[in-house]
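A short write-up of the structure that comes next.
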Amino acid sequence: MTQDYKATLHLPATDFPMRGDLPKREPAMLERWEREGLYAQVRANAAGRPLFVLHDGPPYANGQIHLGHAVNKILKDIIVKSKYLAGFDAPYIPGWDCHGLPIEIAIEKKFGKVGVKLDAAQFRQKCREYATEQIDLQRRDFKRLGVIGDWDNPYKTLDFRFEANEIRALAKVIDNGHLTRGVKPVHWCFDCGSALAEAEIEYADKVSPTVDIAYPARDPAAVAAAFGVTLSAGTQVAVPIWTTTPWTLPASLAVSLGAELDYVLVEGAADHGQPRWLVIAEALAGKALARYGVDAVVVHGHAKGAALDQLLLAHPFYAERDIPLILGDHVSDDDGTGAVHTAPGHGQEDYQVSKQYGLLERYSAAQINPIDGRGVYLPSTPPLGDTVLAGLHIWKANDVIIDALRDTGALLAASKMEHSYPHCWRHKTPIAFRATPQWFISMEQANLRADALKAIETVHWYPSWGQARIAGMIDGRPDWTISRQRTWGVPIALFVHRETGEPHPRSTELMRQVAERVEQGGVDVWYTLDAAELLGDEAGDYDKITDILDVWFDSGVTHETVLVDRGLPKPADLYLEGSDQHRGWFQSSLLTGVAMDKVAPYKQCLTHGFTVDEHGRKMSKSLGNGIEPQEIMRTLGADILRLWIASADYSNEMSLSQEILKRNADAYRRLRNTARFLLGNLHGFDPLQHLVALDDMVLLDRWIVHRAHELQEKITAAYARYDFAEIVQGLLNFCSVDLGSLYLDVTKDRLYTMAEDARGRRSAQSAMYHVAEAFVRWIAPVLSFTAEELWAYLPGEHSGNVLFATWYDGLAPMPADAALTSADVDKLLALREQVAKVLEPMRANGAIGAALEAEITVAADAQTAARWQPLSDELRFLFISGDVTVTAASTDDIFVSAQPTTKAKCVRCWHHQASVGSDPRHPELCSRCVSNIEGPGEERRWF
């Protein structure tokens, strides 16, 4: 009768749950972290270490967090936690962007615009309350992601101290000579009723009209003479322009040509029966004439654009307005006609070239910019013959103007085209350039552009292409419009002279005095401030500016208002945001940092891509492909979301779908099961009593510690360069290959069958202990909840949190001068694979049921055989096979053969051994098992 030897085996035992059950366990951990003040404890534990400051770019305090928020915050959290483990003190102060239009719009929907139900002060208070509510909602979800930080003391741009520090920061920018004021064309949103910064613009397709308009020459003979041609009597000459913005024609003050472009004087279609010749860029003449219905290109003369400089044309419908031909570098012969209608109030290049020619002094502000902030023509806008423009919105005016031009004969061609056009990022509506009085941070006045380009070169950019991208943006960007004509924001706290419009000569001193008051009472102080308090008798000569600062200035100065204010080093070690922030926060921070201190405010800058579905499509409600982080946490847990983010290539678009989440859940189970197996086999192990020194370990145990050391070197280096996908891949590979397919499988025999305190068993447990200690740290930045859970189950003293620890220092490489090196083990593992290939067909044809039923013969060259023969008694444990014989052969290759064993099977260890039944007390056991149960136990050196 078979005895039950199960009680003599040391099978795995642990209370560490097989199932993560993360949606239930994670909230309980969060409550404990909150109760114990985990962030404060981690900071206190790290006191005195070198600082690593990842400065948080503030999300906007409006609406629930979405998947992009989760990606951003979790990437930051992974870095912060990895820095604690790397021996740094890594403070993380989350922040929120609280001023600006989206919040104003939310309040307007409820209470109407300022002056309807609320005055400006009441309106600002409602904005403040709304933003505070939104912060609380977002903070709850950010914490649920497992992100640690100073959540009780975040920075908020609406805090009085922040607002005051922002005014002080602006004063510093002014002191350094970067502020300017002017009437310039700026991006303008008619729905916002305000200027927009570059970062507030996004491009979308728009269908626009295209028109070719003839500008008749005042003196046709003079134009012809420039081409070396004499005109016949009655022949007209005109310069056609091509535009997609007919609404700007009332503001047309010149036509620009390219000085070095080649132009031709060609025959066009007759105008009211009279011949009309046209001036067109030579490269475009054929295409243009085809649009006008003229088949043949009849050229009468050639000239450079420079030959036509300052010749006069007539406006196509304001006949009394002289339109000079001028020369501009922005003109090309890529498309159109090579002649560009120039409206300085509605284009930056138009403005610059008109300024060079002195055109701005010849016209009134209403002629330069005839539209108001709503996009409607001013009452003073002259009509087009009988067509009234005053009061008409520009988007409706296009067709009206085209019809009027058709009636006058000035319209040569009209069509429509779809093209990429700037839109307001908030309203998703088309915007326009509009010349208005604004405050700017000049890119040239105090060399800001050049200094910023130099500063970019001092920063480490991840990915590296980020450097060229932001440099190109800085190189080509216009002055920064920092003024906004809105209510909810930080005021540009300047006094300007009523007659000259110049800021007070003591402006920055006065701003700092205003900041003291704002720090006590918030921005409302500015609007209630009696100027006489600061200006005394001068008060009657000055007006307070009512414009507020661009919200990108709010967030752009956080290196001063947050880092410096809280005693943290500047520049920060790292800024990390989405790739759209090269034109947003990275850029506004760079410009303010350089404007204030001549240096970039960050040492490293890292960008991540946007989230898309498995087909590469942007996630949206309309497509039904959106996945919210709240849903993932509710169904799978935050650690699964964190694992996906870490495993994705965040430098590009990040794909997510239910199938991808399922794959990550499977990967999580593999990691968790590995941890559970390690813990199960560490049952009864006390590192203080049972730890076997590395040099005394069984060879395979020493090798797995060596492999763990190699992996830790790679993992810590990958964390340092923010390559989290390599970490996840390395972990999964280690769990599947090194541990799952090899080490854990091979060591089961020792762990289960040897005496509890046998050196071979304690050696395996010691190796597993080292691996587990390292493993919990490796996963902690990514799988924060699971690492915390695992930490509590590890043998030995593990109080507090894994983040109190640093990278595990119990690992070491195998000595290069050891009797058997890691290279020797690698050769034996290759032999193990060779054995498996030999056994596979034997299993398939039924010759054996399991590898333990096969006896192996290895034939190798004499030197290799001599090296392996001392191991041959234990090779069966490495191969998990029957007995192994190593023989020398005259060959350079290694040959493996196998045959089914005829030996009896031990019911306890399942090995087939000749010694089974040799002890009458245990007729079904091999001698090894008998010794392990009752005797001194077996010894292992190798496997």
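Cβ coordinates come from backbone N, Cα and C, glycine included.
Between the listed ranges 26-36, 59-69, 147-157, Swiss-Prot ties the annotation motif ''HIGH' region' to 59-69.
Range annotated as motif ''KMSKS' region' by Swiss-Prot, chosen from 328-332, 558-562, 618-622: 618-622. Listed in sequence order, the residues THR753, VAL907, ARG908, TRP910, HIS911, GLN913, VAL916, LEU925, SER927, ARG928, VAL930 complete the 8 Å Cβ shell around the Zn(2+) site centroid, once CYS906, CYS909, CYS926, CYS929 themselves are left out. Residues of the motif ''HIGH' region' (59-69) grouped by DSSP class, helix first, strand second and coil last, total 3 helix, 1 strand, 7 coil. Checked against GLU577 (L-isoleucyl-5'-AMP binding site) by C-alpha proximity, the binding-site residues CYS906, CYS909, CYS926, CYS929 yield CYS909 as the nearest.
A sphere of 10 angstroms centred on the C-beta of CYS906 (Zn(2+) binding site) encloses 24 other C-beta atoms. Looking at CYS909, CYS929, the binding-site residues in this record, the fewest other C-beta atoms within 10 angstroms of the C-beta turn up around CYS909.
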